[in-house]
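Below, the features straight out of TrEMBL:
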{"type": "DOMAIN", "residues": "26-316", "note": "domain 'Gcp-like'"}
{"type": "BINDING", "residues": "HIS113, HIS117, ASP310", "note": "Fe cation binding site"}
{"type": "BINDING", "residues": "ILE136, VAL137, SER138, GLY139, GLY140, ASP171, GLY184, ASP188, ASN282", "note": "substrate binding site"}
Amino acid sequence: MQGRVVLGIESSCDETGAGLVRDGKLLGHAVASSMAEHARYGGVVPEIAARAHVHSFNPVVQQALDRAGLTMSDIGAVAVTTGPGLSGALQVGLAGAKGIAYALDVPLYGVHHLAGHVAADTLEHGPLPEPCMVLIVSGGHTSLLLVRDLVRDPILHLGDTLDDAAGECFDKVARVFGLPYPGGPAIDRAARDGNRKAVAFPRPLTGTRDERHRFAFSFSGLKTAAARWSEQHRAEGRDLPVADGAASLQEAVADVLTRKAVDACREHDVSTLVVVGGVAANSRVRELAEQRCRSAGITLRVPPLGLCTDNGAMIAAVGDLLVRSGAEPAPLDLSIDPSAPLTYAALTPAARTPASAAA
Ligand code: KG4
Ligand code: ZN
């Protein structure tokens, strides 16, 4: 017998996403982005993002349904990102999701955005092996996680960033280099024509003295080093070799991320590494992860590009796992949690299964 069709809603930042998943299979999804509206401010403006979600919510849900060849009445459950993220933006998605769940009289689940990034990979590569190592790299987070059952067990953080996230480093340095927003894809493009050995940028927290922070990250020093390098050129009246700077910065970030992830797999005897989040779309991160995993005998899983950045399919994927694990739905007075820590995939205590609640 077929399971329920789960509608997933994502609105934590500047993308409005809706996705439909049943029994681990992606049926269709759609994303609208307000990125262009933020570009001239050099970063996401929360009020603009929230207003854009209001405009995009209905069309995006309809587009996802059309792509899946389904109608509203086929939806059997609704999952929605309730945190972390921008509060106004989260509110819009949650209000819309509640409306649909209430109107259709179907269960509602609150989902942690980062658990969504992890689950995105299951839509392409099937269930995650237990345990697996997850490197999550987005605009706001950089963490190494030991994941067992994604929706039943607590998620173990081996290390997090002590300051900036990897994506944030790309975004800020891109601005200094005069590249457009969002900076990550712009650095990736500029780096194609550059020499990654041109500038010896630092590799933060990789020295022997950093043993305590073996699996933690720090990108703010790297950001400062790139800014200094750029200022020096300008002060000396020289043109900035942007391609070389971009390639060298990208190399430093990719080197640190993949080195620590592979070390974590070795130390914890885990044979699968999953790299997720917006920065998993970076070509050098993907390439270096592949090379290093291959030589270490580790299986690497990275979601397809379209599922790396924010989307509704990944939230539906978590919802589908929650439904199939028999998790309790959330009450309709579910609220947002803009700074939710990643401990459980579901963001309401009630939505955890009894087994995990006891863990
Ligand atoms: O996961 P995501 O879409 O949103 C958050 O939850 O933060 O990640 C967005 C981040 C941004 O910092 C963006 O610059 C970065 O992912 N990003 C990239 C690439 N594509 C997106 N960074 C490096 N290379 C890329 N190709
Ligand atoms: Zn994200």
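Just so you know, glycine gets a Cβ as well, placed from its N, Cα and C.
Here the structure is a predicted model, which means the values were calculated and not measured.
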Taking each of the binding-site residues GLY140, GLY184 in turn and counting other Cβ atoms within 10 Å of its Cβ, which one has the fewest?
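Ranked by other Cβ atoms within 10 Å, the binding-site residues GLY140, GLY184 bottom out at GLY140.
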Select, from ILE136, GLY184, ASN282, each of the binding-site residues with a Cβ positioned under 6 A from at least one atom of ligand 1; if none does, say none.
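Among ILE136, GLY184, ASN282, near ligand 1: GLY184, ASN282.
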Can you tell which of HIS113, HIS117 has the least company, meaning the fewest other C-beta atoms within 10 angstroms of its C-beta, among these binding-site residues?
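Across HIS113, HIS117, these binding-site residues, the one with fewest Cβ atoms within 10 Å is HIS113.
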Under 6 Å from ligand 2 by Cβ, which binding-site residues from ILE136, SER138, ASN282, ASP310?
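Those binding-site residues that pass the cut-off, since their Cβ is under 6 Å from ligand 2, are SER138, ASP310.
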Can you name the residues of this chain that are 6 or more positions from ASP310 (Fe cation binding site) yet have a C-beta less than 8 Å from its C-beta?
GLU10, SER12, CYS13, ASP14, GLU15, GLY17, VAL31, HIS113, GLY278
Name, in the order they occur in the sequence, the residues of the same chain whose CB lies under 8 A from the CB of ASN282 (substrate binding site) and which sit 6 or more residues away.
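In sequence order, the residues whose Cβ lies under 8 Å from that of ASN282 (substrate binding site) (at least 6 apart) are PHE170, GLY184, ASP188, GLN250, VAL253, ALA254.
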Relative to the Cβ position of ILE136 (substrate binding site), how many further Cβ atoms are located within 10 Å?
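27, counting other Cβ atoms within 10 Å of ILE136 (substrate binding site).
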For SER138 (substrate binding site), just count the other CB atoms lying within 10 A of its CB, please.
24
Write down the Cα-Cα distance for HIS117 (Fe cation binding site) and GLY140 (substrate binding site), rounded and given in Å.
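Checking the Cα atoms of GLY140 (substrate binding site) and HIS117 (Fe cation binding site) gives a distance of 13 Å.
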Neighbourhood of the Fe cation site (HIS113, HIS117, ASP310): other residues with Cβ within 8 Å of the Cβ centroid, in order?
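Residues close to the Fe cation site, other than HIS113, HIS117, ASP310: GLU10, SER12, THR81, LEU114, GLY116, ALA120, SER138, GLY277, ASN311, MET314, ILE315.
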Take every residue in the domain 'Gcp-like' (26-316), average their pLDDT values, and give the whole-number result.
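PLDDT averaged over the stretch: 96.
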